[in-house]
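As given in TrEMBL:
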| type | residues | note |
| --- | --- | --- |
| TRANSMEM | A:28-48 | transmembrane segment |
| DOMAIN | A:66-106 | domain 'NADH-Ubiquinone oxidoreductase (complex I) chain 5 N-terminal' |
| TRANSMEM | A:78-97 | transmembrane segment |
| DOMAIN | A:126-401 | domain 'NADH:quinone oxidoreductase/Mrp antiporter transmembrane' |
| TRANSMEM | A:132-151 | transmembrane segment |
| TRANSMEM | A:163-185 | transmembrane segment |
| TRANSMEM | A:409-431 | transmembrane segment |
| TRANSMEM | A:452-474 | transmembrane segment |
| TRANSMEM | A:497-520 | transmembrane segment |
| TRANSMEM | A:565-584 | transmembrane segment |
| TRANSMEM | A:604-621 | transmembrane segment |
| DOMAIN | A:609-674 | domain 'MrpA C-terminal/MbhD' |
| TRANSMEM | A:628-645 | transmembrane segment |
| DOMAIN | A:684-774 | domain 'MrpA C-terminal/MbhE' |
| TRANSMEM | A:685-707 | transmembrane segment |
| DOMAIN | A:788-910 | domain 'Na+/H+ antiporter MnhB subunit-related protein' |
| TRANSMEM | A:851-869 | transmembrane segment |
Amino acid sequence: MTLLWIPLLSLLGSIISSTTGKLTRNQSTGLTLLMPVIALLMTISLAPAVFSGEVIRETISWIPLLGINIAFRLDGLALLFVFMILGIGILVIFYARYYLSSNDSMPKLYAYLMLFMTAMLGIVMSNNIIQLWFFWELTSISSFLLISYWWHKPDARKGAIMALTVTGGGGLALLAGLLLLGNIVGSYDLDVILASKEIIQGHAWYEITLILVLLGAFTKSAQFPFHFWLPHAMAAPTPVSAYLHSATMVKAGIFLLARFYPALAGTDIWFILVSLTGLSTLLFGAYVALFKHDLKGLLAYSTISHLGLITLLFGLDTKLAAVAAIFHIINHAIFKASLFMATGIIDHETGTRDMRKLNGMWRFMPYTATLAMVAAAAMAGVPLLNGFLSKEMFFAETLHQQLLGSMSWLIPVLATIAGALAVAYSARFIHDVFFNGDPIDLPKQPSEPPRYMRVPIEILVALCLVVGIFPNFIVDDVLKAASFAVLGGYVPEFEVALWHGFNLPLLMSAIAVIGGLLLYTQRRYLFQFQASLPSLNAKKTFDESIYRITKWCQRKISDSENGSLQRYLMLMFVFVLLFAGWPLFEMNQLGGQKQLTPIDVHNAMGAALLMVGTISTVIWYRARVVSLLMLSVVGLMVSVVFTRFSAPDLALTQLTVEVVTIILLMLALFFLPQHSPKESSSVRVVRDIAISAGLGIVVASICYALITRPLESISAFFLANAKTGGGGTNVVNVILVDFRGFDTLGEICVLGIAALGIYKLLVNLPLVIPASDSEGRPWAKERYPILLASISQSLLPLALMVSFYIFLRGHNLPGGGFIAGLVTAVAFILQYIAHGSSWIVARLTINYRKIIASGIAIALFTGVGSWFFGRPFMTTWFEYFDIPFIGEIELASALVFDVGVYITVVGATLMILASLGQLANEPKEEVNT
Amino acid sequence: MTEWIISILLLIGGSFVLVGSIGLVKMPDFFMRLHGPTKATTLGMASLLTAAMVFFSTTQAGVSVKEILISLFLLLTAPISGYMMIKAAIHHKLESIERTKGIDNIEDDV
């Protein structure tokens, strides 16, 4: 279970830190650090096994029927990332304690950071690609929260939206890609996918799958041309930037490349797409970084450039390139995190990040300056530092490829130019900030930061040095293990060393350093040239395109959804006609083999009444009361039909539903005009008649086709098992409360939600009660006739008795909770009609919302109850008891479930009625339902 | 024997219902028309229900009392619905023919 605990602990940490609002800053930090530290120790304890080549897996089956499991795995690559995520995460949390001002909410930042950490851990450890995608999206969401941490700043909000849009869009592409991948392989299991290279690459969908997955990776890791969100994400607090843009968020895209390297890489299209994207990002980022005056802007573009470098390495056609890529992932995370933190200190102590103002910081903070300079030198690739080693490997690998055929020599040349640019912007970072004269109007008098704020940087810079000087000492194991995972079990012989002798890569490094310094000293001309270029404002372009897309969508939506219910119905029916009607034409013969039953007088009369009722409803549709009465004829006839064809449960339900519906409609009609005006033009009437006639023909034909064919259904199973499995002879009821109890639970929830919705719509609705009826007569003075009132009151106990009887017998004879609930509701409705709402409200102080809630709760807990007996959710228990004087009776847990159904139905129906009735009587009074 | 009883009860009930229905169609104004369905038909229904009670009590085990309950409901509700309809008719000031008695006794809208 250790593996599962690693992301779980960090999730727990997120919850813990969100509750530390009342504690001091130190306590809050300490508590937050606790969980990741434990997780890190657990990871360290697992490390030796992974180094020895083992892949640790853990699976919890979730929906085994669909093959969906919660699966985690830890191989070398995942281990490397877990180390980085937890290690740098711990340093960032520690650093943020000193960075945040007392106005900022520390628990909020910590909770978001830990949530983000959970998501990242989930990505790197998932063994199921859908699960991986879930965590992928979770990083998008939690990074949105982190970037918009200072939500009162428009920059932060816009940057967060931009990041979410780009990475979220990429996430959708990734989902599509992963689904295709799962389809090709036939499994969403990562182990299986990684082992199916031949199947995937031989498949016709390979190209499209690859492009979709790469889109996801490139948007996340800010590859050109999707890089523009990253500089805008710099509006986040610096600890967040240090975390997101060094070890985590953007590395998730890189991780994806590495993860699927064994399955997707190796083809020409992979090499072309990945290497060219990486190369252009590398050059573009390095070039733009040079011109940024904002320190974080410089680091942002340098991050883009380094991500391009790693991507390019994954796109090079050699095994060693992948090793170099992994090595650079480690190095970049270390020096970039420390640089961001140093920038945060400078910003914190001086109040600005503008390099035109920041000069000569060496005098004010020599210690921080030294640390930042070492880290910047690592970024530039200066010997004795970690950046130098991976850059050497990178240069060496660019020499060993044949990507562009005879033009392949371009790649090392461009790589050297990018290296020179990196040296130039690193030099600018060092020289402009720490030397280069005196500071110009700083908002604050700079000084060294608090002692402990530097600790995380010291640790990281020490790592830069140790890795740079003794590479084999620290990273060898983890690098080998990660390469083992990426290259699918084969690791080429390589040696990371400081000195390889005089060779071409060393020459390239030397050219880069000298060229970079030259570039920096001559930067004035470059800046002039850059100023003459037309400037491209990414934010403006992005905003405009988003605005245009939104406008376009709005127009399309208002075109199709203009608020006319008639139109929606028309469209819906036309589509039903098309999709249900079309297949009918492909049938050879409408009638099937089965004989029709002969028509007798009763059936014919029933059918005739049904038709008369239906047609009358349509004819008198403008006289609404008449139309409603005709509709009730239809409803009653339907329930008679149910009785005739032995469906007593349905008949009872239909009858009670009909009664309630008609009464509610009557109440609603009270507020509406008694006659609908003539609104439709003749053409429209013809169109509507045509559509409805067509629909009638289609439905009738389908019915005819169905009833004349033998129908195999699941009914036989229910009939056979109702008594033995559910303990009841009323199959309908047993289906409702037992076989399909879960459906019923959902349905009563829907009923409750519908009732709440109606309540919410009607409460405080300013409705004008008509002063007279449609013909101008005033309302009767005696509103509640005494005769009706007294008789209906005396009927209440009788009606309740009937409903109780129907409820109790439900399991074995027609009846049950639903019908009984409706009968009870009808009995109460009668009281409302006879006495008026205010009379009832004064006597029946019941909160219907609580009734609904308790009904659903009873049903739910009955279902949960079976867990305590070690059975699946909603297993019915029943037993027969012999009770003196009454005889043998059956007690079933389904009965309790049915009580829940009953209560919900009563509560929901009465709430709807009471809300409507209250309007009719005392519209100004507070509705007490 | 029971068959005879059931048959006679059904016939009595049937003829009452029939008379009520004819009244509903034939009577000249609303106030008269209401007599048929409220009085004759209710009585007819009671007779039919008695027939049903006899039938189920003899063919099935135990005495069937549900029908008594149904009759009780009917006898309670039929007068009330008649009463409510008459009230509505008075409120609407429906036309009546001269032979209809008692219209003059009605106070206006009580």
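Glycine residues also receive a Cβ, built from the backbone N, Cα and C atoms like all the rest.
Note that this is a predicted model, so its numbers are computed, not measured.
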Query = Residues sitting near the transmembrane segment (A:851-869): Cβ under 8 Å, six or more positions beyond its termini, same chain?
reply = 741-742, 744-745, 748-749, 752, 755-756, 875-877, 893-894, 896-897, 899-908, 910-911
Message = I'm a bit unsure how to read this: which one of A:66-106, A:126-401, A:609-674, A:788-910 has the highest number of Cβ pairs shorter than 8 Å with the domain 'MrpA C-terminal/MbhE' (A:684-774)?
response = A:788-910
Inquiry  = Suppose I define contact as three or more CB-CB distances under 8 A, residues 6 or more apart in sequence; do the transmembrane segment (A:497-520) and the transmembrane segment (A:628-645) meet it?
reply    = no
Cβ contacts under 8 Å made by the transmembrane segment (A:628-645) with residues that lie 6+ beyond its boundaries = 602-603, 606, 609-610, 612-614, 616-617, 620, 651-652, 654-655, 657-658, 661-662, 665-666, 669
Note = Same-chain residues at least 6 beyond the ends of the transmembrane segment (A:78-97) with CB under 8 Å of its CB atoms are 6, 10, 25-26, 28-29, 32-33, 36-37, 39-40, 43, 46-47, 50, 106, 109-110, 113, 117, 120-121, 124-125, 237, 239-240, 242-243, 246-248, 251, 255, 326, 329-330, 333, 337, 341, 344, 452-453, 455-457, 459-460, 478-479, 481-482, 485
Inquiry  = Pairs of Cβ atoms less than 8 Å apart decide it: which stretch in A:66-106, A:126-401, A:609-674 has the most with the domain 'Na+/H+ antiporter MnhB subunit-related protein' (A:788-910)?
reply    = A:609-674
Ask   = Would the transmembrane segment (A:163-185) count as touching the transmembrane segment (A:132-151), if touching means at least three Cβ pairs under 8 Å and pairs must be 6 or more apart in sequence?
value = yes
Remark   = Per the Cβ under 8 Å criterion, with at least 6 residues separating them from its ends, the transmembrane segment (A:452-474) contacts 88, 91-92, 94-95, 97-99, 330-331, 334-335, 337-338, 341-342, 345, 348, 367-368, 371-372, 374-375, 378, 383-389, 495-498
Remark   = Averaging the pLDDT values of the domain 'NADH-Ubiquinone oxidoreductase (complex I) chain 5 N-terminal' (A:66-106) gives 89
Task = Tally the residues of the domain 'MrpA C-terminal/MbhD' (A:609-674) by DSSP class, grouping H, G and I as helix, E and B as strand, and everything else as coil.
result = 56 helix, 1 strand, 9 coil
Query = Tally of helix, strand and coil residues over the domain 'Na+/H+ antiporter MnhB subunit-related protein' (A:788-910) according to DSSP?
reply = 87 helix, 12 strand, 24 coil
Message = Give me the DSSP three-state residue breakdown of the domain 'NADH-Ubiquinone oxidoreductase (complex I) chain 5 N-terminal' (A:66-106), ordered helix, strand, coil.
response = 26 helix, 7 strand, 8 coil
